[in-house]
Ligand SMILES: O=C(O)CCC(=O)C(=O)O
Ligand SMILES: [Fe+2]
């Protein structure tokens with residue numbers, strides 16, 4: 001019984017969503033500012049339409065896909081075997097050979113899939129299998145049948161992954177699994193219709209025009225398939241942007257949702273299948289699940305022989321097929337019900353055990369009795385139990401290997417592939433010679449169904465045991481990693497996680513878990529729904545742009561070199577990072593604080609009063625700035641607590657780290673488009689590879705340009721494009737130092753490739769970005785503040801060796817006094833300021849850099 005040979009579609013990348021950066025930006029603007037209630041209502045409105053337009057047609061296609069594969073069992077009730085001179089296990093070979101083609105095509109079809117539009121792909125595949133299916137009518141020999149069945153399997157294989165792929169351009173990952181459950185349930189209906197159509201054809205057309213009934217069956221069903229495949233060009237949508245049944249707002253929103261969901265998809269696409277498989281096989285439970293899925297599929301093999309078995313009830317062919325219809329309709333409703341209760345009660349194993357018991361009883365009754373009423377009853381019991389249980393098993397596999405995502409995909413794929421080989425040999429359990437009672441098949445099915453129940457119970461025990469151990473170890477505070485060796489091997493992330501701040505209220509523990517992972521293994525994350533009123537953000541952005549528009553002489557009035565506190569305006573290329581000038585122009589402002597007294601350590605000079613622009617030149621700037629920095633300071637403060645909690649420390653553990661008041665910096669940066677790209681692959685240096693100095697950085701990307709890049713632990717650069725409604729948050733050297741390196745300050749840069757400044761509608765103009773650097777108390781040093789980070793958090797660090805292009809001179813410095821590290825970093829970045837105010841420090845620091853270089 002085939003149901004899901006194809007589920008490794010999770011390896012597919014999502015199709016590209018067309019649309020220029022500018023168009024995307026318009027979407028960003030439109031949707032980012034809405035609140036979560038609006039998003040919920042909009043999602044509901046959209047899903048209602050998409051469900052009705054997409055699912056029925058796809059289910060119809062799946063129904064035909066299924067029908068064309070399984071109608072051999074109805075054809076057998078006609079004169080198929082007689083006409084083709086078949087006997088013994090010939091029919092079983094004809095059934096199983098289809099799965100050879102079906103399984104062989106898995107890989108190639110998944111490769112093709114990534115390159116074609118889903119609706120075209122699905123429509124063409126369907127037309128071809130429809131033609132081959134109809135051609136079966138012309139077969140005159142058994143060998144002809146075998147060859148045709150092999151190819152039928154081959155061309156039917158791409159449908160399922162293609163359909164899931166199409167759905168994935170409409171549904172988010174989370175929405176998808178529920179839709180796939182409906183999709184599966186639809187196959188029960190296919191079985192029902194198969195019986196009805198078969199009955200109609202064999203009953204009315206046998207011998208019509210001198211053509212055997214089974215040949216008519218293939219002709220009619222093949223032609224229906226081809227007909228529907230042509231309609232797919234009209235009815236099957238491709239992508240949200242080109243769909244007439246959505247209004248403009250819905251089209252935009254549908255795209256916008258998927259752009260958000262795409263982050264994870266990239267991660268899937270770029271992790272090698274080999275790596276994913278290694279992860280899966282390191283978890284011993286996978287062997288149990290593979291076995292479970294395999295025997296579960298084996299326990300459903302009666303389906304191919306169903307019409308034949310029902311025939312033993314003693315009715316004629318037509319009545320037999322009519323009888324099977326209600327069986328499948330009942331199964332359909334039962335499976336909808338039990339997948340629902342299983343989800344509601346969060347139970348899998350007991351559901352499976354109960355359902356399989358129903359199937360065992362069915363198998364036993366079927367074998368031991370010849371009483372027609374009892375046998376008919378058994379016909380209902382077998383599929384109701386086994387088919388419904390299978391749907392729960394699929395969900396169980398997916399839920400048992402939740403993280404990382406690639407592991408889940410691989411687990412599903414492996415369990416399905418190996419599981420489905422049951423369809424190749426399972427059909428031999430039902431040789432025609434064993435009818436009418438089919439004692440070997442019936443009793444073996446009952447035994448196998450029992451085995452499914454036993455395995456479900458074993459897995460339940462294994463999980464219970466694991467949970468208990470976890471609890472004990474947590475209680476005793478022992479050093480539990482809970483991770484297998486393979487899982488700890490690498491945290492070289494391929495995408496940047498997105499955290500949702502609204503979860504702090506709704507499900508804080510989930511938020512903290514994601515935060516913990518981001519802190520120890522990525523060092524970067526997007527933060528959605530940060531509590532910063534959009535109006536304040538917009539006003540600030542507007543005023544910032546006005547500031548950059550001032551004539552140069554106005555800006556030079558507040559040039560940074562005038563101030564010993566590293567605050568003020570820096571011209572293009574004035575700042576130096578990784579020993580090279582950055583191609584950007586900027587204003588550095590900070591929480592307004594007095595300059596340090598003459599007796600205070602020199603490094604305290606990174607704090608001091610701002611140089612404000614002339615209020616008349618940009619009226620309202622100071623207020624807009626203060627409002628924004630004040631919001632961001634509040635947000636930063638809430639992270640003092642969240643980070644402590646994420647690291648399993650008391651929530652006030654980091655209080656000692658911050659001054660009252662604490663200086664935070666807000667930098668306004670403009671990156672003009674480069675005139676040439678003379679910097680090789682990485683493009684022109686907007687800002688060179690570096691780690692920020694502070695605790696956390698909260699970055700607002702003001703324009704839709706790509707260019708911000710983050711270096712993962714392998715040294716690979718990962719793009720961090722702007723995502724609407726989010727801030728980019730990253731760890732600075734101070735937090736890294738305070739946690740003894742448990743939290744990672746991740747190296748990042750801005751690359752100015754000319755293409756980052758272009759969209760299909762023309763030039764994007766300069767890139768603007770606005771980072772807020774959260775400060776810490778400057779007198780601290782890592783050894784003075786000893787945070788006792790629990791082993792349970794330490795053990796989550798997956799990759800100790802980190803490749804970084806950031807300057808290493810500062811690595812040690814930050815482990816001493818944080819103020820000194822920050823001060824030296826500032827002097828070397830702003831050498832004009834250093835030269836004027838701190839020439840000795842600059843000289844020493846430059847020498848330090850040189851020593852480091854030789
Ligand atoms: O412009 C950006 O997106 C990043 C700027 C940055 O990393 C910095 O100024 O530290
Ligand atoms: Fe930075």
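Cβ coordinates are placed from backbone N, Cα and C, and glycine is handled just like the others.
Given the ranges 7-29, 214-236, the record in TrEMBL names 214-236 as transmembrane segment. Of the listed segments 376-398, 468-490, 491-513, TrEMBL assigns transmembrane segment to 376-398. The transmembrane segment annotation in TrEMBL falls on one of the ranges 318-338, 528-548, namely 318-338. Away from its own ends, the transmembrane segment (442-462) comes close to residues 285, 288-289, 291-292, 295-296, 298-299, 301-302, 348-350, 352-353, 356-357, 359-360, 362-364, 366-367, 382, 385-386, 389, 393, 396, 429 of its chain (Cβ-Cβ under 8 Å, at least six residues beyond either end).
For the domain 'Major facilitator superfamily (MFS) profile' (54-468), the predicted model reports an average pLDDT of 81. The transmembrane segment (120-139) makes no contact with the transmembrane segment (350-370), as judged by fewer than three Cβ pairs under 8 Å among residues 6 or more apart in sequence. Within its own chain, the transmembrane segment (180-202) is flanked in space by residues 3-4, 55, 58-59, 62-64, 66-67, 70-71, 74-75, 77-78, 163-164, 167, 213-214, 216-217, 220-221, 303, 306-307, 317-329, 331-332, 335-336, 339, 383, 387, 391, 394-395, which lie at least six positions past its ends and keep a Cβ under 8 Å from the stretch. Remark: the transmembrane segment (376-398) contacts the transmembrane segment (318-338), by the rule of 3 or more CB pairs under 8 A.
For the domain 'Fe2OG dioxygenase' (657-776), DSSP puts the residue distribution at 14 helix, 51 strand, 55 coil. Outside the transmembrane segment (214-236) by six or more residues, the chain places 57-58, 60-61, 64, 67-68, 71, 74-76, 78-80, 83, 119, 122-124, 126-127, 129-138, 166, 197-198, 201-202, 205-206, 208 with a CB less than 8 A from a CB of the stretch.
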